[in-house]
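J.: If you scroll down you'll find the structure; I have some questions about it.
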Number of protein chains: 2
Amino acid sequence: MSTHGTEAPRPIRIALLGCGTVGGEVVRLLTEQAGELAARVGAPLELAGIAVRRPDKHPELPPQLLTPDPAKLIESDADVVVELIGGIEPVRDWLLAALHKGKSVVTANKALLAECSGELSEAADSSGADLYFEAAVAGAIPLLRPLRESLAGDRITRVMGIVNGTTNYILSAMDSTGAGYAETLDEASRLGYAEADPTADVDGYDAASKAAILASLAFHSRVTVADVHREGIAGVSSSDILAAQKIGRVVKLLAICERVTAEEGAESVSARVHPVMIPRAHQLAGVGGAFNAVYVEADAAGELMFYGQGAGGAPTASAVLGDLVTVARNRVLAGRGPRESAHAALPIRPMGQTPTRYHISLDVADRAGVLAQVAQVFAVHDVSIAAVRQRDRLSTASLVIVTHSAPDSALQSTVDEISRLDVVREVVSVMRVEGEDS
Amino acid sequence: MSTHGTEAPRPIRIALLGCGTVGGEVVRLLTEQAGELAARVGAPLELAGIAVRRPDKHPELPPQLLTPDPAKLIESDADVVVELIGGIEPVRDWLLAALHKGKSVVTANKALLAECSGELSEAADSSGADLYFEAAVAGAIPLLRPLRESLAGDRITRVMGIVNGTTNYILSAMDSTGAGYAETLDEASRLGYAEADPTADVDGYDAASKAAILASLAFHSRVTVADVHREGIAGVSSSDILAAQKIGRVVKLLAICERVTAEEGAESVSARVHPVMIPRAHQLAGVGGAFNAVYVEADAAGELMFYGQGAGGAPTASAVLGDLVTVARNRVLAGRGPRESAHAALPIRPMGQTPTRYHISLDVADRAGVLAQVAQVFAVHDVSIAAVRQRDRLSTASLVIVTHSAPDSALQSTVDEISRLDVVREVVSVMRVEGEDS
């Protein structure tokens, strides 16, 4: 279908499900930039309807477009469904129905994608519809399209990033003020950087959903949120922050997705979210406040970094609009975007078998032979020590150890056994480390 | 056309024009990752032929694929032409012929695109072929696809970046050693960071081509290299580097593409390449050696940064392969990527009318009233001074001025007139500045 004919092109009709902060921005941009967007798409973009829970609460929106019933819009003649409601049910059923009907879907729903992207992709494939979700990970940062398309000819080995702004804000604040976790969380809530119920952020659920989406795309495999090892930041103490500072590092909550190659050559995927000490010179260390940044390593491309705003109405709307222009263009040109690429189907590597490195800071008895005893525990568990620092008698944390890479379960067992040694008065801080130079 | 049928999909046949460092990597990746790539595309990728000047010099390549005649491959049954020869003629004619025949084109040829992308795009449109060129700007960094697609629903206001590794290496070295330009260039050549003939890099031609491509995509307008104001780094002295250090800045060669809005609301595009002093805290300041990084500012997305390797065989091949997978997928799905988007057709703003800010470091006579005289010249040219620092009598450069934004021609005239003042013994350094905090 060409748009260069003499007849005016048919508008692309859009059903918008949900109209909160992001949806409001999407409507604003669709309206304000209507001419520009029509030129870029090759046809006007037209709102077919907007589903909101309480139409009477939206005097700013055209009343004839409003409906409290999303299912009605799925049944309508809309070409594209933009979903900004969130959560799994009943959204899952609506989007499956839309895709089966051949409507393309643009969604920012990370929880849904991290649980059912396979099912959604199959529905899209069955009818030839598009499924795009750039806004689901790292807000405005163009990250998924590069992973899905720009790096499609390369072999990605690692995706590691700061993908949750709330936890990054809290950890940055703890690092600069020295305050504890609970106090800093309170302050963040007061300032609006944390939700009233911050569980999804601080316990790492949000980041884990994003890790599942990133790992699926990077490794051409289906990875769901259940496959992601998850630890939040509630256990990060000011002792941890201080211990990190003492070795020139900073604590960040990272989503880490890796292609792990076993000795016999078999590949698997490790996806995890947990606090990590990274060197202060690392580019991710400088990412402060509510910003997001993601590192990607690929065989041919080498190291790449993507940086930008990870949340907020306008930035998220930018990502939604980008997807909307793409799927609308595909309609006009009778084309299709890339389908799900899950052909590699790599197995998930359990956290216990994932190679990690630990930092361990101990308060130990002030007598000879302590290091020998501690080192013996590492040796028994086949964990190799990279660096040891012993402090003088006046210091409280008197033994700091950073290990080489070992299976996470061996490191956990080592820490357990060390904590039970008579000579160890207190385990001051235990945290995984990433990045060289420690 | 579905790939889910029972019959084996027809291979996508590729003609490779040029097989140097990048081409060799492309062949290697096509061979080593054949299975993976076929799964991602939905059909095998098959080399139809490789054009090299001297087939006998390539014992590493399958002899039956080699030809010294690119035109023969354009006439062949290849579906896709990958062009890695470079230069304008005769490559332009070959690619136009390929596109008119409906063959999709993947190219890394920045000079060609910066001069004839309109003509190439029209040829692609005439037959429905794809034209992709991610590798032409910033090597492996996925930058053009985000600009063309992810940000297609946003309004980009600025693209600013380090897009030439050779000049970045030289300026980084001058900053850390204090050595002069000529000496540092010699050292860079010796170490292989600069070509035997470094003109294209050090005089800014390479960066100007990239600026033209970036400005075209960002502002949906046709910008050619002739529209780009270009200054290289040959004029950067150790006095400039030192002057930058004294005000907490660093000198970088930047490509700057801006949407400029005049008072009456009319928009135009400014595209320029020249040395700039940026604050040391700026994220681009930390980009050292041969790395590339590009900042993008958009209305809704806010600030974004993309970072990675801007050159080299494998990184460039990664970008080529990504494009190749995309255009091959489009063949399999009978779809098409986005077409040229030049509908905005914004006019080019001449450099003289582009708002810039200057840093000026002067060695002035040691007597009262000098600042008044100098300030008077600024006032006459309607240039507003942002900051002045006067040094004591022992210092050589005794007056340092940073201006507010003003038309570049007014700043040039101001500098010209100041240099002729009796009280000015020497203009120690004049350079444009970007970024806040000076």
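Note that Cβ sites are derived from N, Cα and C of the backbone, with glycine treated the same way.
OK, TrEMBL features for this one:
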BINDING   A:Leu17, A:Gly18, A:Cys19, A:Gly20, A:Thr21, A:Val22, A:Gly23, A:Gly24  NADP(+) binding site
BINDING   A:Lys110  NADPH binding site
BINDING   A:Glu195  L-homoserine binding site
ACT_SITE  A:Lys210  active site, proton donor
DOMAIN    A:359-432  domain 'ACT'
J.: Roughly how many angstrom lie between the C-alpha atoms of A:Val22 (NADP(+) binding site) and A:Lys110 (NADPH binding site)?
T.: 14
J.: When DSSP states are folded down to helix, strand and coil, where does A:Thr21 (NADP(+) binding site) land?
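T.: DSSP call for A:Thr21 (NADP(+) binding site): helix.
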J.: Which recorded positions (A:Gly18, A:Cys19, A:Thr21, A:Lys110, A:Lys210) fall within 10 Å of the residue listed as 'L-homoserine binding site' by Cα distance?
T.: none
J.: Which residues of the same chain, at least 6 positions away in sequence, have a Cβ lying under 8 Å from the Cβ of the residue listed as 'active site, proton donor'?
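T.: Once residues fewer than 6 apart are set aside, the residue listed as 'active site, proton donor' is near A:Lys110, A:Ala114, A:Ala136, A:Val137, A:Ala138, A:Val163, A:Asn164, A:Ala255.
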J.: Taking only same-chain residues 6+ apart in sequence, whose CB is under 8 Å from that of A:Leu17 (NADP(+) binding site), what do you get?
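T.: Listed in sequence order, they are A:Ala51, A:Pro70, A:Leu73, A:Val81, A:Val82, A:Glu83, A:Leu84, A:Ile85, A:Val91, A:Trp94.
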J.: Taking the center of the Cβ atoms of A:Leu17, A:Gly18, A:Cys19, A:Gly20, A:Thr21, A:Val22, A:Gly23, A:Gly24 at the recorded NADP(+) site, which other residues in this chain have a Cβ no more than 8 Å from that point?
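T.: So the additional residues around the site are A:Leu16, A:Glu25, A:Val26, A:Val52, A:Leu84.
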J.: When the number of other CB atoms within 10 A of each residue's CB is tallied over all shown chains, which of the binding-site residues A:Gly18, A:Gly20, A:Gly23, A:Gly24 has the maximum?
T.: A:Gly23
J.: Is A:Glu195 (L-homoserine binding site) helix, strand or coil when read with DSSP?
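T.: Looking at the DSSP assignment, A:Glu195 (L-homoserine binding site) belongs to neither helix nor strand, so coil.
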